[in-house]
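Q: Mind having a look at this structure? Questions to follow.
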Amino acid sequence: MTEQPAPPATTCYRHPDRATGVSCVRCGRRICPDCMQPASVGFQCPECVRAGRATVRQPKRTTGLRLAGQRFGPVTSTLIAVNLTVGVATFVSALVAGGNPVSSFASPLTDAFRLSPYDLAQGEWWRVATSAFTHVSLVHLAFNMLALLLFGSELERMIGRGRFLTVYLVSALGGAVAIELFGAFLGGVVGASAAIYGLLGAFGVVLLQRRQDIRGLVTLIAINAVVSFLPGVSLLGHVGGFVAGVLTAAALLLRPRWAAVAAVVVLVLVCVVLLAAQVRLV
């Protein structure tokens, strides 16, 4: 005698007392109306639905800074965020000190962050960095951040994150060198303008290297050059930042790559040596 195959189950696999003629489209198990989970075609059992959910990747939470980085460039967005953070801190401290909340003149942080030859002569070298992220008023901060957003995001896209950050930082350093060499001994300077002027200079170098029209950029630079002569504006910082930006961008475009790195390192060392030598002469 031969054994006959068992007849297919006609009851729900979870509820044996319930007869059903519907099967899960994924695993084939019989399911009653209470166990049926609608699918794109037919029905699925609860186990197959849970397994499917486990394999679906949950969307990552995206922060505002990450969204800005995707649109405007991560380095540009981060630099703007740092400037805004320092700005809020200085304006709040000015308000606490009894000053104008939209001006940082009365802020003890501004006094601690500003740059002058006298401050460097006291050994306060951190001011070379902090002064480049500090602003004296809300208008000052807004104009610089708008310029950084417009030109920084485009330049970052053109030359890449690493090169862009290098141009920005070396330009800020170049502005500090010019202020230290030729600025008033007791005059305090703050602002990202030196770095932004360096971005303008680098932008021009890249456009020339790509043989693109630079007339619009030249006009903009000329207008800003006139603005640099207004009272309260650091002409030395602007010129130093612009020259440093041009030299850094030109160095970064050198081939092979090691030559570009070496040229930038030499430029930074020259800036540091000039700063140190001037401080010793004070």
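Heads up, residue numbers simply count up from 1 along the chain you see.
Heads up, the Cβ atoms here are built off N, Cα and C, so glycines get one too.
Note that TrEMBL annotation is computational and uncurated.
Since we're looking at a predicted model, the values are computed, not measured.
Pulled these from TrEMBL:
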type	residues	note
TRANSMEM	75-97	transmembrane segment
DOMAIN	123-253	domain 'Peptidase S54 rhomboid'
TRANSMEM	132-152	transmembrane segment
TRANSMEM	164-183	transmembrane segment
TRANSMEM	189-208	transmembrane segment
TRANSMEM	220-252	transmembrane segment
TRANSMEM	258-277	transmembrane segment
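I'm curious about the neighbourhood of these features; can you describe it?
A: The DSSP breakdown of the domain 'Peptidase S54 rhomboid' (123-253) into helical (H, G, I), extended (E, B) and coil residues amounts to 99 helix, 2 strand, 30 coil.
The list of residues near the transmembrane segment (132-152) in space but at least 6 beyond its ends in sequence, with Cβ under 8 angstroms from a Cβ of it, reads 72-73, 75-76, 79-80, 82-84, 86-87, 90-91, 102-105, 109-110, 113-114, 164, 168, 172, 175-176, 190-196, 199-200, 203.
Distant neighbours of the transmembrane segment (164-183): 73, 75-76, 79, 115-117, 120, 128-129, 131-132, 152, 155-156, 189, 192-199, 201-202, 234, 236-245, 247-249, 252, 264, 267-268, 271-272, 274-275, 278-279; these residues of the same chain sit at least 6 beyond its ends, with a Cβ under 8 Å from one of its Cβ atoms.
Distant neighbours of the transmembrane segment (220-252): 159, 163, 166-167, 170-179, 182-183, 189, 191, 193-202, 204-206, 260, 263-264, 267, 271; these residues of the same chain sit at least 6 beyond its ends, with a Cβ under 8 Å from one of its Cβ atoms.
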Q: I'm checking region-level scores; what's the whole-number mean pLDDT for the domain 'Peptidase S54 rhomboid' (123-253)?
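A: The average pLDDT of the model in the domain 'Peptidase S54 rhomboid' (123-253) works out to 91.
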